[in-house]
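Report on the following structure.
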Amino acid sequence: MDDRSADSDPVTAGESSILDTLGEDVIRIVSPVSLCMVLVVLLVSSLSSTNDLSSSISSLFLSSTTTPTSFSSLNLLLLGSDSTWEEIKSALVTALSFVVVVTLLTFLLVLLFYFRCTNFLRIYMGISSLFVLSFLGGFISLLLISHLKIPIDPFTFAILLFNLSVVGVFAVFMPKFPISMNQGYLVAIGVLTAYWFTMLPEWTTWALLIAMSLYDLAAVLLPIGPLRLLVELAMSRNEEIPALVYEARPVDPQPGDRVRVWRERTDVRIEATENSTNSANVQTVQETRLAVSEEITAPLIEAFPQTGDRHLGTEEEEDGIGLGSSGAIKLGLGDFIFYSVLVGRAAMYDYMTVYACYLAIMAGLGVTLLLLAVYRKALPALPVSIMLGVVFYLLTRVLLEVFVVQCSSNLLMF
């Protein structure tokens, strides 16, 4: 009887602890996501009037320079202009091509990880991060310097850009760097990438957002989905996937904080040795799956039971897939990017649309975390937030804008 009660207590504690710490986890996820979106909105608002690169990129995708400026004239364009249909077809082809390329690259990632080419993957991710920080970051920095008229010579700018880029790559992939620096550079990479995606044509942006949401849904939930295969392979080997993932753990963890470890969805036996004379005591801790990531998902179990040996389970905690000893939730950087792309596209219209899209994305992210905590099943983070964001964008531009304008013109609102 004592053994059964001891086995069932961790399960009950695990079920309650997930919901008890859900608010804290949401705050740790919402803060960096909000910061990333705010920075993208500021960049779009500041550089949209001075940057002509968006039109240059649009010309690569479209044969005509005419683009719909608002959804209020959508019916007229659809009925009376053939160029709109060409833009929609071009957007669909571009989005489909992008999803196909991402799918093939993800399956290639699974293949390389299967053959244990981890070092090659780390080098590739490092080069990609260096490219984003140096080339994309350098170009956007030049735009900001030109727009804000900051006095700086080319030599100093090159030295600063080189140092920041190299340090950023090491901060992202070296575990010995402070977690605050790692989080900051991940947000910076997300901001730079998201800003470049906002330079795509309007129809291409919306088609790409919807297509990536559907891809995320299929890649995580389908049995043959590439992300699911990658995660299951990593968990079977108890290895970490080299990827750009934001870890939502406290920058300065306080002593006594509860520790959670991610593991495969099976019963885990923990052998606890209380002292040199007592026999081993084996307890089974029920696990539950919890994941918020486009790239990395893993299950969650309750903290190890407190015993006389403090070092018990240390090796298991350090080997948690995609996590350190803090056991915090991880959110893929792709989620940061596409959330910010949606808000950045809304910022090209007005701030009322930005507020609506932001609230919709946050609501979708909260719903996703709640579903993960309740159903304990790996779910993608993009579909709910992106779909809500697109719906709120349409409703704001079609209905809310008209309502606010009418109220203001009739002196009902100031």
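Numbers here mean position along the shown chain, with the first residue as 1.
Just so you know, glycine gets a Cβ as well, placed from its N, Cα and C.
Positions annotated as transmembrane segment by TrEMBL: 26-47 (among others). Listed as Cβ neighbours of the transmembrane segment (26-47) (distance under 8 Å, sequence separation of 6 or more from its ends, same chain) are residues 140, 143-144, 147, 183, 186-187, 190-191, 194-195, 198, 246, 248-250, 292, 328-329, 331, 335-336, 339-341, 343-344, 347-348, 354, 358, 361-362, 365-366, 369.
Annotation source TrEMBL lists transmembrane segment at 59-79 (among others).
Summarising the annotation, TrEMBL assigns transmembrane segment to 91-115 (among others). Beyond its flanks by at least six residues, the transmembrane segment (91-115) meets 61, 121, 200-201, 203-204, 206-208, 210-212, 214-215, 219, 226-227, 229-230, 233-234, 241 of its own chain at Cβ-Cβ distances under 8 Å.
Taken from TrEMBL, the feature transmembrane segment applies to 127-148 (among others).
The transmembrane segment annotation in TrEMBL covers 154-173 (among others). Nonlocal intrachain contacts for the transmembrane segment (154-173), taken as residues 6+ away from its ends with a CB within less than 8 angstroms of a stretch CB, comprise 122, 125-126, 129-130, 133-134, 137-138, 141-142, 145, 181-182, 184-186, 188-189, 242, 244.
Annotated transmembrane segment per TrEMBL: 185-200 (among others), in sequence order.
Long-range contacts of the transmembrane segment (206-231) within its own chain (CB-CB distance under 8 A, at least 6 residues past either end) are made by residues 88, 91-92, 94-96, 98-99, 102-103, 106-107, 109-110, 113, 197, 200, 241, 294-298, 321, 334, 338, 341-342, 345, 378-383, 386-387, 389-390. Summarising the annotation, TrEMBL assigns transmembrane segment to 206-231 (among others).
What TrEMBL records for 355-375 (among others) is transmembrane segment.
Sequence-distant contacts of the transmembrane segment (381-405) (same chain, six or more residues past either end, CB-CB distance under 8 Å): 70-72, 206, 209-210, 212-214, 216-217, 292-294, 331-332, 334-335, 338-339, 342-343, 345-346, 349-350, 352-353, 356-357, 359-365, 367-368, 413. Taken from TrEMBL, the feature transmembrane segment applies to 381-405 (among others).
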